[in-house]
Amino acid sequence: METKIGSLDSCKPATCNDVGSLPSNGVVSTIQSSAVPFNSAEATLGRHLARRLVQIGVSDVFSVPGDFNLTLLDHLIAEPGLTLIGCCNELNAGYAADGYARARGVGACVVTFTVGGLSVLNAIAGAYSENLPVICIVGGPNSNDYGTNRVLHHTIGLPDFSQELRCFQTVTCFQAVVNNLEDAHELIDTGISTALKESKPVYISVSCNLPAIPHPTFSREPVPFSLSPNDGRRTETVAKACNAFVQLADSCGYALAVMPSAKGLVPEHHPHFIGTYWGAVSTAFCAEIVESADAYLFAGPIFNDYSSVGYSLLLKKEKAIIVQPDRVVIGNGPAFGCVLMKDFLIALGKRLKPNATAYENYHRIYVPDGHPLKSEPKEALRVNVLFQHIQKLLSGETAVIAETGDSWFNCQKLKLPQGCGYEFQMQYGSIGWSVGATLGYAQAVPDKRVIACIGDGSFQVTAQDVSTMLRCGQKSIIFLINNGGYTIEVEIHDGPYNVIKNWNYTALVDAIHNGEGNCWTTKVRCEEELIEAIETATGAKKECLCFIEVIVHKDDTSKELLEWGSRVSAANSRPPNPQ
C-alpha cells in the first residue's frame, strides 16, 4: 500500500523536462496514447482523468454529486465515450462500480469529500476483499485550504482533512491526494496503473478547484508507468489463469471442481466437472471425491469460516498443493515464490501423466439430481420450485447475481450453460450488495440479461437504485424472495431482530417507476403464477426491467443453509481459549 499527497505549492511552473517518455525496459503500457496539445481546452486535469478512464476500458462512471466534485463531474460528462451515471447514494455507486469491474475488469465511482467518501467506504472494502480494481475518485477541498487551520463542512469539525484518507488506507492499495497541478499527472496515472496491476481498489482525491485548469503535463504521452506483460488487466489475467486450469484438467484427466467463490470461472460442461466443493454443503458426491483423494490441487483458494463451513473441511494439509496468483505451497513442505499461477499450471499440465481414477470413482457413485415434489394446484410456492424454473431461464446470454443469504446456496446449485455469467460476494458478504452490483454488471454487459436473486432483507438496504436501473434502460429480471426476514441469520442464531417489516415491494418499485422508463412488476404465490410471470418477463416484457416478488414461507430454506448455518453458529460460539 502506498500513499502520495501532493505538495502545497500549486503555482510552481512546469519545466520543459516534464515531458513523459515510454519505458525503455521492454515492458508496455496498457494505456493507449491520446496526446492533447497543451493549448487545447481539453488539456485540463478533469479531462485528463476522464481520458485515462476511457483508455483503460471504463465507459460508465457511477457517481453521487456533492459540492466538492461538481466541477470534476462537468469534465467527466464532457469526455466522449464516458457516461456519468448518477446513483441514489454512495454505497450503491460503490457496489455498482464493483459489479461493473466484475464484467469489464475495472470500474470507477465518484463521490464528494468525507460524507460521500465514508459512505462509499463499505463498498470499496468489499471490492478489496474480492480483488476488484475500482477507481474511487473523491472531490476534495480547495487546494488553498490544505495546510491552513480552517474547519470545513463535510468534516467532523476539526482542521484535519486526513480522516477520509486514513479510512481508505486499509481498503485500497494506493492513495493519492491531488492538491496541486504539478504532480497531478503522475499521481492519477500511478493510481490507475496500480489498481490494474494489483487488482485492488485505489483512492484518488482531487481538489475541487483544479479540474478545470489546463497544465502542460496533461498533454503528455502515456505516463512512464508501465504494466509488465505478466500484469495486464484483471479480466485478461483471470481468463488466462482459468484457461490454464482447464487445460491442466484436460491433460491430466483429474476430477474438476470449484469452490463456491469460483463458480462461473471454469466451464461446468467440462467432461470431468463434478460440481462445487463446499465441505458439508457441497454438490452431491463432490466432497466425498475431493476429501478422499490421494492429493488435491487448489488454485487461488480462500479458506475462511464461511467457505470452510465453520472450519469443518475434511482436508489434510500434507495432501494439498495450494497455487496462489504468485506462489505455490506444497503440503507441509516448501513454498515457492515469484511463480505465476498461469505459468505453473501450464508447466504442470505438460508433466502430469493422465489419471482419471477420481473422476471414475465419482462416475460410479453418482446419482442424478432429484426433482422437487410436484406442486398441487395453487399450492404455496416453494423455493426449490422457484429455482427449478430459474434454471430454465439460463443461457449464454444471461448472467446470475446471487445476493448474500439463501440465494448463495440455491444459486450455487444452478447449472450454468456455456457463456452464462455468475457473480456473488463470498468473502465480504455484505447484504444489499446485489442491487448496486446488478446495476453495474448490467451496464457493463448490455448484451446479457442479468437475473438477480435477492432476499427481502437485503433489498431493504439498497432498494433505491432500482431507480437508476430504470434511468439506464436496463432489462434485468429481479426475483425478490419475500420470506419475511434475514433467513441466513435465523439459521445462524435466531432472535426477534431477524424479523423485518414487510413492504409492498411491487408497489414500491411501481412508485419508483412513476411512469418513466420500461418497468413491469408482479407478485407470485404459486407455481402457476410463477410460470406466467416468467413467460411474460421473457416474452411481452423482455425489453423491460422485470421485478417479480416471490412470496414464500419464512422457514422455506435450502437444506444447505440449514447445515451451513448450524456449523457457522458452532464456530461463532466457541468459548474463549483458556488463558
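Glycine too: its Cβ is placed from the backbone N, Cα and C atoms.
According to TrEMBL, the features are:
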type: BINDING; residues: Asp456, Asn483, Gly485; note: Mg(2+) binding site
type: DOMAIN; residues: 44-149; note: domain 'Thiamine pyrophosphate enzyme N-terminal TPP-binding'
type: DOMAIN; residues: 239-332; note: domain 'Thiamine pyrophosphate enzyme central'
type: DOMAIN; residues: 425-549; note: domain 'Thiamine pyrophosphate enzyme TPP-binding'
Around the recorded Mg(2+) site, report the further residues of that chain (criterion: Cβ within 8 Å of the mean position of the Cβ atoms of Asp456, Asn483, Gly485; site residues excluded), sequence-ordered.
Gly455, Gly457, Ile481, Asn482, Gly484, Tyr486, Thr487, Ile500, Lys554
Among all chains shown, work out which of the binding-site residues Asp456, Asn483, Gly485 has the most CB atoms within 10 A of its CB.
Asp456
Can you give me the average pLDDT across the domain 'Thiamine pyrophosphate enzyme central' (239-332), rounded to a whole number?
95
Helix, strand, coil: count each for the residues of the domain 'Thiamine pyrophosphate enzyme N-terminal TPP-binding' (44-149), based on DSSP.
50 helix, 22 strand, 34 coil
